[in-house]
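> If you look up TrEMBL, you'll see THR19, ALA20, GLY21, ASN133, ARG174, SER216, GLN313 marked as UDP-N-acetyl-alpha-D-glucosamine binding site. Per TrEMBL, domain 'Glycosyltransferase family 28 N-terminal' is recorded for 12-150. Sequence annotations record features per position, and here TrEMBL assigns domain 'Glycosyl transferase family 28 C-terminal' to 209-371. The region 'Disordered' annotation in TrEMBL covers 382-407.
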Amino acid sequence: MSAPRGAGPLRVLLAGGGTAGHVNPLLALADELRSRDAATEIVVLGTAEGLEQRLVPQRGYELATIPRVPFPRRPDAAALRFPRAFTRAVGLTGEAIARVDADVVVGFGGYVATPAYRAAARAGLPVVIHEQNVRAGLANRLGARRAAVVALTFAETSLTARRGRTVHTGLPLRPALADLARRRVDAQQSAAARREAAARLGLDADRPVLLVTGGSLGAQRINEALAGTAADLTKAGVQVLHAAGRGKDDAVRPAAEAAGSDYHLVPYLDAIEDAYACADLVVGRSGAGTVGEQAALGLPGVYVPLPIGNGEQRLNVRGLERAGGALVVDDAALTPAWLREHVLPLVADTDRLAAMGAAARTTGIADGAARLADLVRDAAGRATTTTATSDDAAGTTDSTTDTDPQE
Ligand SMILES: CC(=O)N[C@H]1[C@@H](OP(=O)(O)OP(=O)(O)OC[C@H]2O[C@@H](n3ccc(=O)[nH]c3=O)[C@H](O)[C@@H]2O)O[C@H](CO)[C@@H](O)[C@@H]1O
């Protein structure tokens, strides 16, 4: 017999997937909920193709998969197949909800979120939405119509819960990153974290470290530009840690090898917190995850927004840029010459980097996972077992006075 709703350990379905940008905040919330109550029951809803396939079981959570059903954007053959495929996905989601006997559904947007929101409505369950990007995706825009809570990474996102609360929680950071964010506020702790992480990565903590990422999938353009400057950087005494993306690292290998032992090329950093702890400067994309993490950590960054999708990457970094924590360069303008002119002097300019880092931190939130966990437990009628240091007065907007998010 299952417990009545609102009683016993929390039971939750977390829906999200695709890239690590969607999966990592979901896992950060899962870890936070479990750390408050080890008996919390969690099922993650994802697809069989996304990064969740690897990342979710690796962190010890059950993954239920449904087929990827992209919402039709034009009247083609896929649009004709959509209603049946969608109904099937909703049915499978309903089965996953019933299996965990969920009392709340939390969605992070993307392909699996729309069926999850629909199945939750059918089951009469409250929905909590987390929107990572400044420009909300379609699934979350639809879901926000009946959501109990819409939680936002960025204050400037215009998505609102029509019938519920809209709260600026920031990005839920996984525990290792939240810990690092706390340590980096103190100069001595920050230096210690850098030394410890440098030892694990085989880096010299006393020389400049440039971290290069292309988001969770890697970025060919960034890889090519770095390949063209690899030797200039190492000749200048800079150590480069470059996560080029799975399957994209081979193209950089000849340049990395020619640049010598200070050029560390990897496909992906599972423990990216170590890389962040050592980095003086980061060059990368401006996915919401990257921006949210680096702001919370007070890390100066050179951002190269991905010029596709709905343009969300340019918007994601705007607040950070305005605050002075970011240099932003268009994808097309990112060349080896640009890196030589801008990044080579910057990575050794400790005063400027310190100012950029401090500016970045003013826009970041380190306890986003705790804030979101409070909202989820509350929506499910559970006590919030720890107190988040939430600036509710500033972070909560009254949904009735906001602009229509569907426009
Ligand atoms: C191509 C694409 O679809 N991009 C979207 C995707 O970004 P994508 O998933 O690439 O990027 P994000 O910046 O959001 O997140 C990357 C995540 O991967 C982690 N990481 C990255 C590299 C690495 O070596 N190790 C590692 O752990 C980072 O710490 C971060 O948590 O989702 C974001 C959040 O909705 C969107 O803003 C992006 O537009």
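Just so you know, glycine gets a Cβ as well, placed from its N, Cα and C.
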> Count the other Cβ atoms sitting within 10 Å of the Cβ of THR19 (UDP-N-acetyl-alpha-D-glucosamine binding site), across every protein chain shown.
16
> What are the helix, strand and coil residue counts for the domain 'Glycosyltransferase family 28 N-terminal' (12-150) according to DSSP?
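Output for the domain 'Glycosyltransferase family 28 N-terminal' (12-150) reads 65 helix, 25 strand, 49 coil.
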> In Å, how large is the greatest distance between any two Cα atoms among THR19, ALA20, GLY21, ASN133, ARG174, SER216, GLN313, the listed binders of UDP-N-acetyl-alpha-D-glucosamine?
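The widest Cα-Cα gap among those binding residues is 21 Å.
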> Within the domain 'Glycosyl transferase family 28 C-terminal' (209-371), what mean pLDDT does the predicted structure show?
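It averages 95.
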> State the three-class DSSP label for ARG174 (UDP-N-acetyl-alpha-D-glucosamine binding site), counting H, G and I as helix, E and B as strand, and everything else as coil.
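Reduced to three states, the DSSP call for ARG174 (UDP-N-acetyl-alpha-D-glucosamine binding site) is coil.
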> Taking 10 A as the limit, how many CB atoms besides its own sit near the CB of ARG174 (UDP-N-acetyl-alpha-D-glucosamine binding site)?
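Taking every protein chain into account, the count is 21.
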> Can you check what DSSP calls SER216 (UDP-N-acetyl-alpha-D-glucosamine binding site), collapsed to helix, strand or coil?
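Note: SER216 (UDP-N-acetyl-alpha-D-glucosamine binding site) is in a strand by DSSP.
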> Count the other Cβ atoms sitting within 10 Å of the Cβ of SER216 (UDP-N-acetyl-alpha-D-glucosamine binding site), across every protein chain shown.
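So the Cβ neighbour count for SER216 (UDP-N-acetyl-alpha-D-glucosamine binding site) comes to 23.
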> At a 10 Å cut-off from the C-beta of ASN133 (UDP-N-acetyl-alpha-D-glucosamine binding site), count the other C-beta atoms across all protein chains.
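That number is 27.
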